[in-house]
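Student: If you scroll down you'll find the structure; I have some questions about it.
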Amino acid sequence: MLDPKFLRTELDATAERLASRGFALDTAHLSQLEETRKSLQVETEELQASRNAISKSIGQAKSRGEDVSAIMAQVGDLGSKLDAKKAELAELLHAINLIAMSTPNLPDESVPCGKDETENLEVRRWGTPRSFDFPVKDHLDLGEALGGLDFKSAVKITGSRFIVMKGQLARLNRALGQFMLDLHTQEHGYTETYVPLLVNEDSLLGTGQLPKFGEDLFHTKPATEEGQGLSLIPTAEVPLTNLVRDTIVEVSDLPLKFTAQTSCFRSEAGSYGRDTRGLIRQHQFEKVELVQIVKPEDSMQALEELTLHAEKVLQLLGLPYRTMLLCTGDMGFGASKTYDLEVWLPAQNTYREISSCSNMKDFQARRMQARYRNPEDNKPALLHTLNGSGLAVGRTLVAILENYQNADGSITVPDVLHKYMGGTTLIG
């Protein structure tokens, strides 16, 4: 979340920067809340000082043998008033904090202003889309013909936007995840991590899914007096980043680099009618996530590095893609700067998102109280957090099926995956 102090001292400038990403900050309401907070703060401090002074006089009066019953009653009355003001102040601070928790991150100055994805900037492009001398099929037709993608069974078992994979396509899907993890751990310096698929509310608050995006989650257990509710993770970013929640990291341990392959679960609220065909938008999907925890001065360079790590997967698989710098109006809630990787899908004759790599700066760290000890003054300071897909496994499978298809409907296995496929070079 944004620094509440910054909201108070730089309210107009903050509102202007947030407006560039289509968010209207109610400055009048916040100003009113701040004035009330100041007033309550003064009243609370004055009542506290008065009670302390009078309490001190009780001991002096007792030493003189005086009756202190009237003073005791006065202290009790002041205590009641003080408790009431403290409760009022706490309620107000909660309201201010809720606004801060529901306000998106400030865009970095290097992010182009724009209203939506049409104003994103292409940074670079790799590979040349293949020219086919036969009619191109989409991944759904290819996968069903091969007997590897079974949507009908998934609908029967669960419902729409789920998949059953079989045989060599299931193996290819597994091979992709293994290849990605090996690349990131052996060449890019990430620590492979196994994490829970269920997380509590504090974790979702820490990474920014709550309170604003609760409808996008699959909630499995409601909150009770015994404990917090549990929800399925929408991305491994949540458990990986929360590894440093309420922690002071030694500067010598930075950067921290985590990767995990997990199933991810999203309700896709608001996406009705979009990408209803095939694997592009599923309620359950596999993803290899990359997370970096770094010092503030290192985070922008870390974003470039993390993005290149995700790009390397596409390059080794021989999949054409382009790298897009998102404009202010298209960035995610917690991001300060984001690159999207878009892979070429010949059946759609367009590039589609396959990875999103973001620098959150201290937005998540402030929520999580994730800190490191600054060597300059030996005091705890907020870390910066970054995350990205390296990659979405299902969408990578889609890209391979479409880009490596042959005229007879078979699929050529990319060279880098042969060892993960037991030497299989052709599916079909």
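Just so it is clear, glycine is given a Cβ too, placed from its N, Cα and C backbone atoms.
Bear in mind that the values here come from a model prediction, so they are computed numbers and not experimental data.
Annotations for this protein, taken from Swiss-Prot, read as follows:
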- T235, A236, E237, E289, S389: L-serine binding site (BINDING)
- R266, S267, E268, E353, I354, S355, S356: ATP binding site (BINDING)
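If you look at the structure here, what lies around each of the features I listed?
Tutor: Neighbours of A236 (L-serine binding site), defined as other CB atoms within 10 A of its CB across all chains, total 26.
The DSSP secondary structure for S267 (ATP binding site) is coil. The number of other CB atoms found within 10 A of the CB of S267 (ATP binding site), across every protein chain shown, is 17.
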Student: For a quick check of understanding: among the binding-site residues T235, S389, which residue's Cβ has the most other Cβ atoms within 10 Å?
Tutor: S389
Student: Report, as a single number, how many Cβ atoms besides its own are within 10 Å of the Cβ of E289 (L-serine binding site).
Tutor: 29
Student: Between S267 (ATP binding site) and E289 (L-serine binding site), find the distance joining the two CA atoms and give it rounded to the nearest Å.
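Tutor: So the Cα of E289 (L-serine binding site) lies 19 Å away from that of S267 (ATP binding site).
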Student: For the L-serine site given as T235, A236, E237, E289, S389, which other residues of the same chain have their Cβ within 8 Å of the site's Cβ centre?
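Tutor: Neighbours within 8 Å of the Cβ centroid, excluding T235, A236, E237, E289, S389: V238, L240, A260, T262, C264, K287, V288, L290, V291, N387, G388.
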Student: To the nearest whole angstrom, state the Cα distance for the pair R266 (ATP binding site) and A236 (L-serine binding site).
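Tutor: Spelling it out, the Cα of R266 (ATP binding site) and the Cα of A236 (L-serine binding site) are 12 Å apart.
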